[in-house]
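Asks: Please see the structure below; I have some questions.
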Amino acid sequence: MGIWVYLAAGWVLLVALYGLVTSRNLIHAIGCLAVAQSSTYLLLLAVGYRRGATAPVYSDLIPGTRPVVDPVVQALALTDVVVGATVTALLLALTIQLRKRHHTVDPQGLTGLKG
Amino acid sequence: MTARTRLVMFLVATTVIAAFFTAACTEVPRFGSDFHPYGQRAVTAALAHRTANVVSSVNFDIRAFDTLGEESILFTTVLGATLLLRLARDEREHPPAAERVLPTTRLFGTVLMPITLVVGVYIVAHGQLSPGGGFQGGVVLATALHLAYVAADYRVLERIRPLTVLDVADSLAAASFTIIGLAGLIAGGAFLKNVLPLGTFNQITSGGTLPVLNAAVGVEVASGLIVLLAHFLDQAVEITDSDSQEAH
């Protein structure tokens, strides 16, 4: 596999950025941001993968009998998921307010400033 | 900036990022290699603290201070959404209407809700032993409550969702994480130090402060998520602005 998994993570990030740049709808843009975030899950879990290894949980595994994948990056992926969910929630709340005050969700339609 | 210039700028930036990222990837250890120095040390540290789930040990023991930041982010988001989605001066709140539900859907909700609640508590309580923990179990618990909305209507959900109690529970759970940390500072000399008895490996009481922190995070995530979703659902179900009022 070599480095292809890392490159796939980079590809997911760039596809999401393309979506963000060309987005005409803020809900769609938030979806793109979630995709960009998911590229980091892929990168983290790819970094932690170990060939022939199992999950780092010893409730049904005698320590030392089998190699396990890296638990540190899995914990980081959990943090990543939580942060992603909270960012999405806040952005959606902001979008609701924008729709109410400016009557549009098109980021390119948001040109005027309101006092 | 026109859409065309933006796209050209994006393509230039993408080429640069892609080139440097690919160059960086050729230098990192290969995918699936045996070289995981941090992973090995985390496993040793988790086993020394008699915690079977190493991922939980990393989150709530080794990196507990980072998890304090993580749950503060969650708490701040709930605060932020409460502030952003409050009832504005030109908006009106309507009592939600009763809805007709298929009897089979109602039966599905009645059967599944207690099961989901038990699963949620199980996942929170066994965070130190098997995959799961406060964050995952908290989400399951919040989902269980919203089965009432799926299988009945919004009025039923409002009756089983004491928002004031959940607001207080959210704050108390967020504060208790810090208090457990301070207890570690007083008893062990370091913030969030694992000072409780470590128990027997692979038992529900193992891991010292880990199950306590898991429970605090479980309560916080469950109540925070219910409060967060309540504000979004209120926007969709109960609140109309003055413009749409006139259109009716």
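Placed from the backbone N, Cα and C atoms, the Cβ positions cover glycine too.
Just so it is clear, the model here is predicted, and its values are computed rather than measured.
According to TrEMBL:
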- B:107-226: domain 'Na+/H+ antiporter MnhB subunit-related protein' (DOMAIN)
- B:1-18: signal peptide (SIGNAL)
- B:72-88: transmembrane segment (TRANSMEM)
- B:108-127: transmembrane segment (TRANSMEM)
- B:133-152: transmembrane segment (TRANSMEM)
- B:172-192: transmembrane segment (TRANSMEM)
- B:212-233: transmembrane segment (TRANSMEM)
Asks: Please give the sequence-distant neighbours of the signal peptide (B:1-18): residues at least 6 beyond its ends with Cβ less than 8 Å from one of its Cβ atoms.
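Replies: For the signal peptide (B:1-18), the far contacts come to none.
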Asks: What mean pLDDT does the predicted model reach across the domain 'Na+/H+ antiporter MnhB subunit-related protein' (B:107-226)?
Replies: 93
